[in-house]
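Okay, structure first, notes after.
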Amino acid sequence: MGAIGGEELINMEKMQMAMAREEKILVLVRLRPLSEKETAANEVADWECINDTTILYRNTLREGSTFPSAYTFDRVFRGDCLTKQVYVEGAKEIALSVVSGINSSIFAYGQTSSGKTYTMIGITEYTAADIFDYIHMHEERAFVLKFSAIEIYNEAVRDLLSTDNAPLRLLDDPEKGTIVDKVTEEILKDWNHLNDLLSVCEAQRRNGETSLNEKSSRSHQIIRLTIESSAREFLGKGNSTTLSASVNFVDLAGSERASQALSAGARLKEGCHINRSLLTLSTVIRKLSKGRHGHINYRDSKLTRMLQPCLGGNARTAIICTLSPARSHVEQTRNTLLFACCAKEVTTKAQVNVVMSDKALVKHLQKELARLESELRSPAQASSTGDYAALLRKKDLQIQKMEKEIRELTKQRDLAQSRVADLLDVIKHDQNSQQSTGTGHYSNQQAALEDEFSASESSGLFDSHQLDVADRRPRYYETESGSNAEEPYHQLQGNYEDDYLSDGTSSPPTIGKKFVRSNSGQNLERTADDPDEYCKEVQCIEMNESSRDKNLESRALSNDENEGILALTVHGDDLNGDATAQEITSTPGLGDRGVSHISNGFTYSALDLRLDHEREALDSLVSPYPDILSSRAREAELSSSSSMKLTRSWSCRANLVNGSSSPCFEKEEQIESTPHNRLEKNCTGRPHSVRRKFPPLNYGDNTLSLSRNGSMSSPGSASTDDLTNSIRTSAGEYITGIDTFVAGLKEAKHQFENQLVDGQEVDLKSGKFERNAKETPPDWPLEFGRQQRAIIELWQTCNVSLVHRTYFFLLFKGDPTDSIYMEVEIRRLSFLKETFSQGNQGVEDGQTLTLASSMRALNGEREMLSKLMGKRFSKDERNKLYQKLGIALNSKRRRLQLANHLWSNTEDMIHIKESASIVAKLIRFVEQGHALKEMFGLSFTPPRTRRRSYRWKNSMASLL
Ligand SMILES: Nc1ncnc2c1ncn2[C@@H]1O[C@H](COP(=O)(O)OP(=O)(O)OP(=O)(O)O)[C@@H](O)[C@H]1O
């Protein structure tokens, strides 16, 4: 007997713990070749191993598809495989676990003559050989080898090695002792000894060849090898620890049905026992395959009683299912495979079996006691373990949160990329238009924009915001008035809202809110007028540590919160633009945050850096645009830099509250004259809040500008405040109030009349008038239709504001009193068209106006209208419109598509009416027909006086 102790004991324990884990039974399938007998009988082999794990039934036509044709197992072996291969590639690893103190079992299951015995004899011999090799190689250890061979026949257990063939008595509890006690008391030195024993067993079988073989096919045989091993150095010292494990080789009786094999009398009884054993084995396996719930009936048969430790217990187990390939055995083969499938699911839990001597056990227990006492003495250690667990959980949560944010940011970045692509398309389009009108400013700028975008896109962790300030801003500030520094921003903004505010089903993620930074500077009056609308627009981003949590929660700040932050952010009265740029450039970068987190551990830090990367990548994508889009918003950002650190916050109100006294805004007043803005340019001397929405009516140096000093408010305009205010949204930059519209209209008419007074006439056919205005044309309805169509065409050609078109279209519907307004509209539009067609720039108050700039302004207006769709139309209404126009309901830019559709077809009056109606609803212009005109002072009886007639007629000439 050997013994182990000390370090070896510890190793054993470790090994025991490591091995005490569940594993599935290894299921191998061995297909034998057709026997000579079968070949002679012209049997067909229907089964084929198509690879190392799958066996296939090839004759599926015969049985239809009621059974699976392919079965997969841990390993399948073809008919020409040698048993050595089955052993080496299948059973060996499990069989030899026994030398490590782990019980193991190798079963052979299959119908009669399928090759169970043929396989198991080989497996047993190879295992025994390897065990003896192992024993010879480990002379430092002492081994005891026990060998037994039994047979279970008709529920009787018989010792196959006994000469008298006397049945053995089974112990009640097979776990507690050996079933047979043919024990070799001495350490086996060589392979020959065991071989002799195996030979005896085999000889017994061969001696009674006929009877034994016939019987063997009806009995279960179990050969068991038990190995005990101890370290020699501890032998006889009383503190030995011994490994003891057994390997069982189980050759089961044929699994065919009793009805097929046996019929009556002794044979029936025999069959019943066989089937009882096998049935119990199958039941045990099936129950085990579904988990160890409930009672497992091991004791229902001697076979299962003996094999209990091997089935779902402390043993590693392999089952070799042997199959005949013959077509005539297909049913038995399938049954075997079904058994194999169940066996695949059975798990066992093997562990190293250590038998300790009393001394070793005492030593072990003392050690364990010491360990427990030590733990009790230092409770702090235990509690700190708890703290660490809590800390870990907390960090895990933080990591999850940050990963979520990264995902969100990534999504937004992708969205921004898509928007950028769209934006560049628009710019290209404008560039083309610009080139066609002979101006080259924009193309240069656009090229610069694209270059810078590419650079920032590839900048990775680079803080592109700093670059924005230092490098880009001056360039755009120097932009000539021919470029629209704001329009791309609006485009971006509009799209974003279309995506995130659509239908109220999703809200814009926090980072996206920076896109909602609105054209603040230009809307000072409007945001002040409509705080509700403003509240919807104002969103802030807190990029510094203190407020990042707000971002993480995608929380929109309340109005009050905004104000607090904005006061901090935008206050910059004592800063001029340059100083601001300097401040921003020296603002602590994102890297500072990364460093602060490194101390929190690698994972956290890595995540934080990754997040920064995502943010910066996103910033680099969008940063060029705010620069060119909203100089005023940029100013606000710049002026806040001294106090904001990494806080970025944009707001309409920010500019409203602080901007008026800031030099930044003074500077901005100088750069406001973008083409788009020129469309909305104030008439000089008028209140700032009242802006004209007419395309400029400046006809060059030699013509009379219809943009005039002085008030143009009509008597009715005061009563239109509500209506006017109703469209003063943050998007209202592009939306003309009705009072502004009416004022401009009256002014145009007034100038027109004055020119008529001067005796000028215009030839309408050549863009000039030549008609006596004192009379409404006799064919006025026809004439009205003609003029209306002409005006609609001209609106389209000159990129006239859709809001203007809508007002005009809805106010002037053919009343005889409309004639003068129709004529004025035709006149000014004709002139504008002519100007554009000659590639000339219109001039208004020293600002240029081109076809391209008016197009950009119109695009901007469409964007703004698209924004209003979510506010003015219900989801159902919108969906109906989308469907009507063939716009996909899931299209991300469906609102913009709808806005682009408005007023697009000048020849379809139904389309025009619908467009006018939609725009009217968007801008809350309720058509009230004549009453509305009366209210605005537009409806009046045409003056029939000579004076008016004279004025009308003569003023035409002044426009020639
Ligand atoms: N893989 C094989 N290659 C060649 N011959 C085989 C193979 N498997 C089995 N045989 C032959 O098939 C016959 C039946 O095999 P074996 O006795 O092992 O079947 P068995 O399943 O043990 O039958 P039983 O249940 O009646 O004991 C034997 O003659 C054997 O030599």
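A Cβ is built for glycine as well, from the same backbone N, Cα and C atoms used for every other residue.
What TrEMBL lists as ATP binding site is GLY110, GLN111, THR112, SER113, SER114, GLY115, LYS116, THR117. Within 10 Å of the C-beta of SER113 (ATP binding site) there are 20 other C-beta atoms, taking all protein chains into account. DSSP assigns SER113 (ATP binding site) to coil in the three-state reduction, outside any helix or strand.
Mean pLDDT for the coiled coil (355-426) in this predicted model: 75. Residues annotated as coiled coil in TrEMBL: 355-426.
Feature annotation from TrEMBL assigns compositional bias 'Basic and acidic residues' to 669-683.
TrEMBL lists 700-724 with the feature compositional bias 'Polar residues'.
TrEMBL lists 495-530 (among others) with the feature region 'Disordered'.
Feature annotation from TrEMBL assigns region 'Disordered' to 669-724 (among others).
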Could you check which of the binding-site residues GLN111, THR112, SER114, GLY115, LYS116 have their CB within less than 6 A of ligand 1?
THR112, SER114, GLY115, LYS116
I'd like the number of other C-beta atoms within 10 A of the C-beta of GLY110 (ATP binding site), please.
31
Name the residues of the same chain, 6+ apart in sequence, whose Cβ is under 8 Å from the Cβ of GLN111 (ATP binding site)?
GLY254, SER255, GLU256, SER324, HIS329, GLN332, THR333, ASN335, THR336
Output the one of THR112, SER114, THR117 that, of all these binding-site residues, has the highest number of other Cβ atoms within 10 Å of its Cβ.
SER114
